[in-house]
Amino acid sequence: MESRKQLTGTLALAVFSAVLGSLQFGYSLGVINAPQKVIEQHYGRSLGVLPEEPLLLSENGTETEKREVHPSVVMYWSLSVSIFSIGGVVSSFLVGFIGDLRGRVKGMLMVNVLAVVAGLLMVMAKMWKPHVMVIAGRCVMGFYCGLSSGLVPMYIGEIAPMAYRGALGTLHQLATVTGILLSQVLGLEFLLGNDYYWPLLLGLSGAPAVLQSLLLPLCPESPRYLYIKRDMVEEAKKSLRRLKGEYDPSADLEEMRREKEEVEKEAQVSIAVLVRSSLYRQQLFVALMMHLSQQLSGINAIFYYSTAIFERAGVTQPVYATIGVGVINTVFTMVSVALVDRAGRRTLTLIGLGGMCICAVAMTVGLVYLSVYSWMSYVSMSAIFLFVCFFEIGPGPIPWFIVAELFSQGPRPAAIALAGCTNWTSNFIIGMTFPYIEALCGSYVFILFAVLLFGFTVFTYLRVPETKGKTFEEIAAVFKKGRNQTPGTRKTGFGTGTGTGTGTSTELEQLKSDSHA
């Protein structure tokens, strides 16, 4: 009965308002792909390398005349795509600063200005030089999304009741893949992905920010932020009651009090301190490896390669097959929402990574023998769909919110910033290098991802703890226990942090006195 009380209308409103930023993130990720040929035509005309005539499309949405793309257009188009990730890499370092400056809610409100500016730049792309306007808009939008992809999981992780923390945390990924799917559908040629409406298609990237700006003022601030960061006990109590309904908040406040004591011991932790500190090394290694497993799994390569595979399989409209992949992406993220607080984070991640590894091998077999056996095209297509299913069951959504679970309030903002930077950087590297890797390896390209996935599966089995149903204090105790059992320390109890020789106590003293903390 108590758990039902914890799911209130205010909590639902707060989570919905927050994940609008994730929807915007997903839309911005996917929107640039569908209208590529149309936008390249406008770039070419603006640069003076193509005649002033509209792009002619046949009935099935393909070019009636194949033209070789001018190198200048290729350069500006590549920059239009990659500048988004560069903006995200830069801004991800500021997540902790923005989140702590005025709070999680006001932080999300502040960065919405960036999204609106980015949307306006792109919707007005035809009014000046399209390549300059789109690149500027994508850069600002990437800067926004780098902040949003850190602030949203941070806020949701801090307001979610323990029993629903996994499911609510997974909603970040669900909103992201929904945004990708929405951009794919709206990007169809007969909707907005055409010569006339493409600036509106890109400009809609900023639309969710407008709605979010109207809803966020109605949402309570994170109680953990109010209590632990600002020492505002009464305000934290009011926020808890707004989020969970009328109940006795003493147990939650007591848990926050214990975490606050730990924070006061460890001091505020900057990124520099976090990287150097052996006190958080295990948690940080796990967090970064989980984000690397998400991006180096080959999921983006699957999306890049799926259209070509569908074409070779004889699909007359591969764009619709790609949208089908987007639908499966969304559906299985919903499955993860339902399972993550039952099966657990570690279990779902293991199933996802292991399944993706098998699918990558099946994909390779299908591609190698496609020219020999025509039915191998069905093996390839099935492997694509199953690969996406396994990704969204665990490796897709879980890394985004598990970082907030692995760290206490002191190092949490710095850890989320560092994990976000790792995610964005590896995303950028895969996006830039995959075409060259594919040209080098040919049909065997997914064997590389299969090897990486096998390694990530073994790492998850050996090193990633289960966080389901544990308080932040209990999760931290798991890592403390591991440190207490390392050579040179003396174990005296589970997670107490006392009697550990010079290991933990010396590290705490260093953290207190470090000039960067």
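In case you wondered, yes, glycine gets a Cβ from its N, Cα and C as well.
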Message = Can you identify, from 209-230, 319-340, the stretch that TrEMBL calls transmembrane segment?
response = 319-340
Query = Roughly where does the domain 'Major facilitator superfamily (MFS) profile' (14-468) sit in mean pLDDT, to the nearest integer?
reply = 85
Stretch among 109-128, 134-156, 319-340, 378-403 sharing the most Cβ pairs under 8 Å with the transmembrane segment (347-372) = 378-403
